[in-house]
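Quick look at what Swiss-Prot lists:
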ACT_SITE  H298  active site, proton acceptor
BINDING   H341, E347, H377  Fe cation binding site
BINDING   Y356, H377  homogentisate binding site
Amino acid sequence: MTLDLSKPATAGYLSGFANEFATEALPGALPHGRNSPQRAPYGLYAEQLSGTAFTAPRGHNRRSWLYRIRPAAVHRPFEPFAGAQRLVSDFADSADVPPTPPNQLRWNPLPMPSEPTDFVEGLVTMAGNGSAAAMSGCAIHLYAANRSMRDRFFYSADGELLIVPQQGRLFIATELGRLDVEPFEIAVIPRGVRFTVALPDGDARGYICENFGALLRLPDLGPIGSNGLANPRDFLTPQAAYEDREGAFELVAKLNGRLWRADIGHSPLDVVAWHGNYAPYKYDLRLFNTIGSISFDHPDPSIFLVLHSQTDTPGVDAIDFVIFPPRWLAAEDTFRPPWFHRNVASEFMGLVHGAYDAKAEGFVPGGASLHNCMSGHGPDADTFEKASASDTTKPHKVDNTMAFMFETRTLIRPTRYALDTAQLQANYFECWQGIRKHFNPEQR
């Protein structure tokens, strides 16, 4: 049996965020009433995949039991991966991470490769903080690829991968089932889960936030109430699907920012059944229930929070994943675009589609920007002038857009690649230089 990644999946999904799921590709493959029977059905092996400590509080504990044809331990020893090593996982000062400038930074899109390049080969680290070895912080990668992975499988031991496609669909076959993901959707692949990526549209480009720390979860809603923002039912987890395929395959592992490879004589996507709450999932950003002001002022961007990774300090997150989707603006006598801002947190932004309402030009789909701790940022001169003169007695719909932000509590440090690449816009600062002085002490 082989998983067919040449066409869209036909199986449905399991609905809900971090639910206790149970799914089997063969009837009766899940053991009844126990996790590790003396003999599992169909001659399968029982294997637990733990995403948190055994003793983590029940509400935060993540693990799944897999029933597979061969255990994950069956492969040859790892050796260094011979391909390009453009990944960084430790963001202390080094040759890969030079001193971080306080400048506002912006990049054009990562160009499509000129040679055949798959998802793994197309990864490059732009920025990050903390350390994968310390299981703290994150790495922000871009990917640009034009070839499906061929008999190659990948996993990251460093963190969970929040994937934001910008161009091209991704058919992602994982150990626990298949996710078909398109632009305007996101996928999250847990730490350690093995997968392969097919590119049905040829070229593919996007963003990844690799979370080294506490697992992503839905935010509390506070006074919003019991509904709103990203609703749990809209998160989709794959049903069990497996392949029983033998041959010469390659398993690529990411550990402490380095890529390693091992020969493996079978497809590792051989999980026939599984149950638990540690599994990949996807979410359609177009289903986000946007909250906003219906009186005056522009609320803080925390109202656009989709997922976050928490810290031990209440209200202070290690990572916030925020989106700026289509929405109505109705606030009267209010400057409606995002305001001028300096932030104790650091903000890495990307654009999936359209235009961002705080930047008239220069910030394009596939591009990125970085505004670090206390770096002044906000609307450009043209946006400010137009918004200051607009008629706010009438609602206005911000349409044809999907921007997002990875916001972190600690400094986001750009890599040497990010600071030296030709995609860096050296003239980004000029978008604010045309802002005129309006101050007149004689006229209020």
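Quick reminder: no glycine exception, Cβ is built from N, Cα and C everywhere.
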Problem set entry | Cβ atoms near E347 (Fe cation binding site) (within 10 Å, other residues, all chains) | 21
Problem set entry | Residues that sit under 8 angstroms from H377 (Fe cation binding site) by C-beta distance, when 6+ apart in the chain | Q104, F340, H341, R342, E347, H371
Exercise. If H, G and I count as helix, E and B as strand, and all else as coil, what does DSSP give for Y356 (homogentisate binding site)?
Worked result: coil
For this session: For each of the recorded positions (H298, H341, Y356), count the other CB atoms lying within 10 A of its CB, then report the residue with the highest count.
Result: Y356
For this session: List the other residues in this chain whose Cβ sits within 8 Å of the Cβ centroid of the Fe cation site residues H341, E347, H377, in sequence order.
Result: P338, R342, N343, H371, S375, G376, G378
Exercise. Roughly how many angstrom lie between the C-alpha atoms of Y356 (homogentisate binding site) and H298 (active site, proton acceptor)?
Worked result: 16
For this session: With H, G and I counted as helix, E and B as strand and the rest as coil, say where DSSP puts the residue listed as 'active site, proton acceptor'.
Result: coil
Exercise. According to DSSP, which kind of secondary structure is H341 (Fe cation binding site) found in, if we only use helix, strand and coil?
Worked result: strand
